[in-house]
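I have placed the structure first, in the form of structure tokens, so that the comments after it can refer back to it.
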Amino acid sequence: MSAAPDAADAGDGGADGIRTGSPRPEGADREGTDPADWDAASDSTEDSEAAEDSEAAGAAGGPSSRPGDIAREALRAAREERARARAREQVDEAKRPRRDPAPRVPRTTRGDRAADRRAREIRESLADAFLMPDATDAPTPAVSAETDTPPASAGASARSRVTPPHAGATGTTAQPPAPQPPAAQPPAAPPSMAAPARDGDHRRTFPPFPPRPSGDDGPFAETWWGRAWVTALEDGALDPARLARGRGYAEQGHVDAITVTPGLVLAYVQGSRPRPYRVQVRLRTFDDADWDRFLDAAADRPGHIAALLDKEMPQSLADCGVPLLPGPGDLAPRCSCPDSGHPCKHAAALCYQTARLLDADPFVLLLLRGRGEHEVIDALSRLSAARAARAAQGREPEPLPGIRATDAVSRRGPELPPLPAPLPPPSHPEQPPVYPASPGGPDPFALDQLATDAAARAHALLTTGRDPVGTLSLWHDAVRLAAARPGSGLTAGTRALYASLARAAGRAPGDLARAVAAWRQGGPT
């Protein structure tokens with residue numbers, strides 16, 4: 001009888017344990033104890049209590065059916081299932097490689113197709129903006145012949161690239177290889193501002209002169225006309241210091257391609273600023289009267305023309321009364337630089353280089369005066385030919401050696417035999433030969449008709465001494481030719497003949513047909 005109250009008390013205690021939670025096992029208050037250990041300790045305590053209860057129930061003579069026992073069994077089963085699930089998760093976590101989760105960047109343009117399209121266009125435009133040097137441009141390291149270590153295999157090299165170095169072994173981390181510098185490119189020549197494609201007889205473009213070698217202190221011009229150009233520049237300059245700086249610019253090759261047109265020399269000169277300066281030098285051109293005097297003086301002596309063709313300038317030609325070479329003050333420079341000197345160093349550099357052009361080709365000076373090389377040579381050729389023709393007309397032809405034909409015949413007159421008697425005329429004109437027809441050639445029938453008509457006219461002249469066609473007009477002769485065509489009716493050939501004859505006479509084919517009928521009936525009268 002005492003077992004029942006004890007079981008009731010135990011049931012009440014189990015119910016209280018369910019309502020208030022299981023009591024903490026011994027040692028749970030110690031620091032460092034994991035709550036999972038609390039569950040294990042409580043499970044062992046509950047197992048011992050369940051064993052005692054089952055023994056008590058067995059002693060009572062039947063299975064336990066108290067609500068507290070059933071709840072305890074369910075709680076224990078749930079805890080065991082949770083422990084098994086946790087163990088499985090730990091095993092799966094140990095097998096899975098650990099990765100640091102990538103930070104999620106919130107998209108502010110989600111759903112904005114226009115923003116996506118703009119971003120894609122920017123990526124495509126910047127794809128080739130920064131190009132790394134090609135691997136083939138990197139220098140190949142030289143392999144020493146004294147090295148006995150064989151090269152590593154591909155697999156070992158791949159593993160050496162993938163496997164990171166152990167920090168504890170060396171204490172330092174491996175540095176990534178430095179990028180190879182790009183291959184050196186040849187320096188690009190600055191683009192010229194000249195336009196040689198537009199050149200002609202009145203426009204010539206010359207390439208820039210290279211820098212003069214260091215230590216060459218000789219004159220810029222070597223010919224007498226080139227030195228006269230330099231003298232005109234230096235005598236008209238106001239500041240010798242600017243001339244010296246301009247000479248230095250010319251020696252260093254700062255003058256770009258030079259363009260020469262009538263009365264103007266144009267070039268770009270590189271100064272102290274990145275952008276070159278536009279420089280012009282103007283010279284007065286000749287009028288027609290000046291050119292006539294110059295051409296007359298050049299044509300007076302054949303040696304002048306030959307010297308010009310050999311790129312030479314005779315000094316006597318420059319003294320012909322026309323100021324061919326400039327004097328002091330004749331050169332009018334103009335530059336885009338802020339210097340107000342006359343001339344500035346950039347204009348002086350252009351003038352010095354122009355003197356070198358005159359050395360190579362004196363026709364540059366003639367172009368500056370207004371006419372090109374071909375124009376001057378053609379004018380000199382015409383003038384020389386006209387003078388030679390006038391000189392030939394004023395002279396009598398020189399007598400040629402020999403005997404005149406009339407004198408030779410008159411001397412042998414009595415010894416010549418008499419002329420034979422003329423042949424008798426034929427009784428009728430002969431038939432002309434047959435003309436073969438060829439593709440694209442003339443009509444053989446028309447040729448036969450013309451030959452027959454010519455033979456008849458020749459026979460009439462030979463027998464009567466009179467041309468029967470000489471007194472006919474063009475219209476009557478056309479009617480005669482059409483009437484002489486054999487056959488009757490307007491066939492295809494007749495129509496073509498009538499059309500051509502009527503067109504030549506300025507009449508209609510119908511008029512010609514009526515005139516032919518009248519000619520055949522009544523003759524030319």
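Every residue, even glycine, has its Cβ placed from backbone N, Cα and C.
Taken from TrEMBL, the feature compositional bias 'Low complexity' applies to 1-10 (among others).
Here TrEMBL flags 1-220 (among others) as region 'Disordered'.
As annotated by TrEMBL, compositional bias 'Acidic residues' applies to 44-55.
According to TrEMBL, the compositional bias 'Low complexity' annotation covers 56-68 (among others).
If you look up TrEMBL, you'll see 69-102 (among others) marked as compositional bias 'Basic and acidic residues'.
Per TrEMBL, compositional bias 'Basic and acidic residues' is recorded for 109-126 (among others).
The compositional bias 'Low complexity' annotation in TrEMBL covers 152-175 (among others).
Among the features that TrEMBL reports, compositional bias 'Pro residues' is placed at 176-190 (among others).
Annotated domain 'SWIM-type' per TrEMBL: 320-355, in sequence order. Panel annotation: around the domain 'SWIM-type' (320-355), residues 209, 220-221, 225-230, 232-233, 235-239, 242-243, 245-247, 249-250, 254-255, 258, 265, 267, 269, 271, 277-284, 286, 290, 293-294, 297-298, 364-365, 369 of the same chain, lying at least six beyond its termini, place a Cβ under 8 Å from a Cβ of the stretch.
Residues or ranges marked as region 'Disordered' by TrEMBL: 390-444 (among others). Look at the region 'Disordered' (390-444): DSSP puts its residues at 12 helix, 0 strand, 43 coil.
With a threshold of 8 Å between CB atoms, the same-chain residues lying at least 6 positions outside the compositional bias 'Pro residues' (415-442) that come near it are 448, 451-452, 455-456, 458-459, 462-463. According to TrEMBL, the compositional bias 'Pro residues' annotation covers 415-442 (among others).
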Query = Across the domain 'SWIM-type' (320-355), what is the average pLDDT of the model, as a whole number?
reply = 90
Key: Secondary structure content, the domain 'SWIM-type' (320-355) (per DSSP, counts of residues)   = 11 helix, 4 strand, 21 coil
